[in-house]
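Quick look at what TrEMBL lists:
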ACT_SITE  131  active site, proton donor/acceptor
ACT_SITE  135  active site, proton donor
BINDING   8, 9, 10, 11, 12, 13, 34, 74, 75, 76, 101, 102, 103, 104  NAD(+) binding site
BINDING   132, 141, 142  (S)-2,3,4,5-tetrahydrodipicolinate binding site
DOMAIN    2-104  domain 'Dihydrodipicolinate reductase N-terminal'
DOMAIN    108-243  domain 'Dihydrodipicolinate reductase C-terminal'
Ligand SMILES: NC(=O)C1=CN([C@@H]2O[C@H](COP(=O)(O)OP(=O)(O)OC[C@H]3O[C@@H](n4cnc5c(N)ncnc54)[C@H](OP(=O)(O)O)[C@@H]3O)[C@@H](O)[C@H]2O)C=CC1
Ligand SMILES: O=C(O)C1=N[C@H](C(=O)O)C[C@H](O)C1
């Protein structure tokens, strides 16, 4: 049995993670912590799943690593500098591993993978992410990561910057620039989490679209991460590394 703790246990995703861990034959839910609860309850866990908030996730991660607990993190807000900080903590605490994934949905991971594969064939790529209005961060972690993967593919293929003749714009009208890729964020009541990657070339376009219909869709990926994190040395970023893509 894997002893699992959950941080953000009363949140939209945390509730689903607790249910999934509870239902798994090979896991025991030893701690379910939310804001204001003492974190020490997590000492009984081997693996901790974090779905909290970008403002608190670094403190949570530090606690886990320093207490020999392997974190599996779905919380977003990670940039290169935060990831380097986590790598430093892990280097100081050998034997502890961490998995951070901007999206644990299998279809979302495939969408990112397909975008990365397709990017080198197109002059233009832009990303539209659409989420519920209670989301704290923009752009979404998934969109940020997709843009980085697209940019990496374009660099490897030696592509020129994307054509864009805009010389006059209202601030924000062209979205955020993530590694040279434009990302547009929609916050709309009724939505959960959705993303389109638009790829354009000479006389044709390709649109990759992913839709999250319910938050239980994240739990198979989370459980996979919980089962595997102890055997993944150091920091792993992205669920794709656990899938045979
Ligand atoms: N990687 C993935 O697949 C996915 C990632 N996410 C990300 O996960 C994060 C959470 O999303 P969501 O569930 O919608 O958010 P919610 O706001 O619904 O849930 C977060 C929960 O964490 C609690 N919390 C806040 N601070 C702490 C703390 N220090 N310790 C323990 N619990 C705390 C919050 O309490 P309170 O409300 O009282 O502050 C809340 O109950 C976001 O960053 C989101 O982008 C979401 C979906 C999928
Ligand atoms: O906040 C959310 O809801 C989601 N957050 C993650 C992100 O920022 O990419 C994953 C998914 O989009 C849902």
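Heads up, the Cβ atoms here are built off N, Cα and C, so glycines get one too.
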Quick one: of the binding-site residues 8, 10, 12, 34, 75, 101, flag those whose CB is under 6 Å from ligand 2, and say none if nothing qualifies.
-> none
Filter the candidate list 12, 34, 75, 132 of binding-site residues, keeping only entries whose CB is under 6 Å from an atom of ligand 1.
-> 12, 34, 75
From the recorded positions 131, 132, 141, 142, pick the residue whose C-alpha lies nearest to the C-alpha of residue 75 (NAD(+) binding site).
-> 141
Mean of pLDDT values spanning the domain 'Dihydrodipicolinate reductase C-terminal' (108-243) = 97
Recorded positions near residue 101 (NAD(+) binding site) (Cα-Cα within 10 Å), from 131, 132, 135, 141, 142 = 141, 142
Residue 142 ((S)-2,3,4,5-tetrahydrodipicolinate binding site): tally of other CB atoms within 10 A of its CB = 25
In which DSSP state, out of helix, strand and coil, do we find residue 131 (active site, proton donor/acceptor)?
-> strand
Same-chain, non-site residues whose Cβ lies within 8 A of the 132, 141, 142 Cβ center for (S)-2,3,4,5-tetrahydrodipicolinate are 76, 102, 103, 129, 131, 135, 137, 140, 143, 193, 195
Could you state the CA-to-CA distance between residue 141 ((S)-2,3,4,5-tetrahydrodipicolinate binding site) and residue 131 (active site, proton donor/acceptor) to the nearest Å?
-> 11
Cβ-Cβ under 8 Å from residue 131 (active site, proton donor/acceptor), same chain, 6 or more residues apart: which ones?
-> 140, 185, 186, 187, 188, 191, 192, 193, 194
Between the Cα atoms of residue 132 ((S)-2,3,4,5-tetrahydrodipicolinate binding site) and residue 103 (NAD(+) binding site), find the distance and write it as a whole number of Å.
-> 15
